[in-house]
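Quick one: this structure, given as C-alpha cells, is what I'll be asking you about.
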Amino acid sequence: MTDEQEKSQAEPVRVGVLGARGRMGVEVCKAVDAAPDMDLVAMIDQGDWLFNASDAGAEVVVDFTTPDVVMDNLHWCIDQGISAVVGTTGFTEQRLERVRGWLARKPGVGVLIAPNFGIGAVLMMQFAARAARHFESVEIIEQHHPRKLDAPSGTATHTARLIATARAEAGLGPVPDATKDEVPGARGAEIDGVRVHAVRATGLVAHQEVLFGTTGETLTIRHDSYDRASFMPGVLLAVRAVRHRPGLTVGLDALLD
Ligand SMILES: NC(=O)c1ccc[n+]([C@@H]2O[C@H](COP(=O)([O-])OP(=O)(O)OC[C@H]3O[C@@H](n4cnc5c(N)ncnc54)[C@H](O)[C@@H]3O)[C@@H](O)[C@H]2O)c1
Ligand SMILES: O=C(O)C1=N[C@H](C(=O)O)CCC1
C-alpha cells in the first residue's frame, strides 16, 4: 500500500454530489452524510458553480444528472484531478472512448460509470449474460417511473449488449421472429439484435425482466428496485474504491468479485 493509500484509508473521503437536488442526488447526499468514512463537502445542482466542488476539496464527485450535461461534468472533474462515480445514463461506446482519452492525460484519476448501482441488478445482468447462450429467444422488458427522461434504460441497453456478446460467442444466430410490425414500435426497440420494451407507470421505481425461451421452456430473470435506497450500497462501494482504480471502470462487477 502506498503512503497516499494509507492516508486515504484513515481520513474520510471528501465527496461532492452533482445533481444534488434530483431524485438520486438527494438519496446520495443522505447516504454520504451518514457514512462514517465520508465527508459530504459539496452539493451542486443546475445553476450552481462546478468550482464549488474543487474549492471544497472534493476528492470524489458523484454524478446523477442528465445525459446532456454529464460529459461536460466528467471532463471538468478529470481536468481538476477529481475522481468520479457516475450513475447518469447515456454512455455509448463513443462516449466511453472520449472519457478514456481524457483519463489518458490524467493517469492518477479514476472514473467508475455504472448503468445500475443496485447489487441485485448487477447480479441480474450477470445471470442474464450467463443464460444467454442456452436460449434461442430473448427479450428485455424494463419498467420505470414516468419521470424518467430516457428510454430504453441504461440498464436495459447494457443488458442487451452483454446478451448479444454472449450469443455471438456461442455462435447463436438472430433471435427467431416472423412477426410483421403492423404498428411501428409494437415489437419494441432493437439493441444489438435484442428486443427491448420500455414501460413507464406511476408507482414504479426501476424494474427489469429478461425473458429467455427455448424448446418447451422459458426462463425469466427479474430484478426490482422498490426504493432508491437500493442503489446506495453500490454507490458507496464505488466512492470508496474509485481513487484506487485509476482509469475507467465500467460497471460494478469488478468491485463485487
Ligand atoms: N446508475 C444507477 O444506478 C441509476 C439509478 C437511478 C437513476 N440513474 C440515472 O441517473 C440520472 C438522474 O436520475 P434522477 O432520477 O435522479 O433524475 P432527476 O431529474 O431527479 O435529477 C437530475 C438532477 O440533475 C440536475 N442537473 C441538471 N443539470 C445539471 C448540471 N449541469 N449540474 C448539476 N446538476 C444538474 C437537475 O436539476 C436534477 O436535480 C438519470 O440519467 C438516471 O437514469 C442511474
Ligand atoms: O430511475 C432511473 O432513471 C434509473 N435509471 C437507470 C437506468 O436507466 O438503467 C437505473 C435504474 C433507475
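Using N, Cα and C of the backbone, Cβ positions are placed for all residues, glycine too.
TrEMBL entries are annotated by machine, without manual review.
Per TrEMBL, the feature domain 'Dihydrodipicolinate reductase N-terminal' maps to 13-117. Annotated NAD(+) binding site per TrEMBL: Gly19, Ala20, Arg21, Gly22, Arg23, Met24, Asp45, Gly87, Thr88, Thr89, Ala114, Pro115, Asn116, Phe117, in sequence order. Marked as domain 'Dihydrodipicolinate reductase C-terminal' by TrEMBL: 120-255. The active site, proton donor/acceptor annotation in TrEMBL covers His144. Summarising the annotation, TrEMBL assigns (S)-2,3,4,5-tetrahydrodipicolinate binding site to His145, Gly154, Thr155. What TrEMBL records for Lys148 is active site, proton donor.
A description of the local structural setting of each listed feature is requested, covering burial, neighbours and distances.
Summarised by DSSP class, the composition of the domain 'Dihydrodipicolinate reductase N-terminal' (13-117) is 40 helix, 25 strand, 40 coil.
A 10 Å cutoff on Cβ-Cβ distances gives Asp45 (NAD(+) binding site) a total of 14 other Cβ atoms nearby, all chains included.
The Cβ neighbour count for His144 (active site, proton donor/acceptor), using a 10 Å radius and every protein chain shown, is 22.
DSSP assigns Gly154 ((S)-2,3,4,5-tetrahydrodipicolinate binding site) to a helical segment in the three-state reduction. Here Gly154 ((S)-2,3,4,5-tetrahydrodipicolinate binding site) comes close to Thr89, Gly90, Phe91, Pro115, Asn116: these same-chain residues lie at least six apart in sequence, with C-beta atoms under 8 angstroms from its C-beta.
Note on Lys148 (active site, proton donor): other Cβ atoms within 10 Å of its Cβ, all shown chains, come to 16.
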When you average the Cβ positions of His145, Gly154, Thr155 for the (S)-2,3,4,5-tetrahydrodipicolinate site, which other residues in that chain have a Cβ within 8 Å of that mean position?
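These residues sit around the (S)-2,3,4,5-tetrahydrodipicolinate site: Thr89, Pro115, Asn116, Glu142, His144, Lys148, Asp150, Ser153, Ala156, Ala206, Gln208.
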Across the domain 'Dihydrodipicolinate reductase N-terminal' (13-117), what does the pLDDT come to on average, as a whole number?
97
Just give me the nearest neighbour of Ala114 (NAD(+) binding site) among the recorded positions His144, His145, Lys148, Thr155, Cα to Cα.
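Looking at Cα distances from Ala114 (NAD(+) binding site), the smallest one goes to Thr155.
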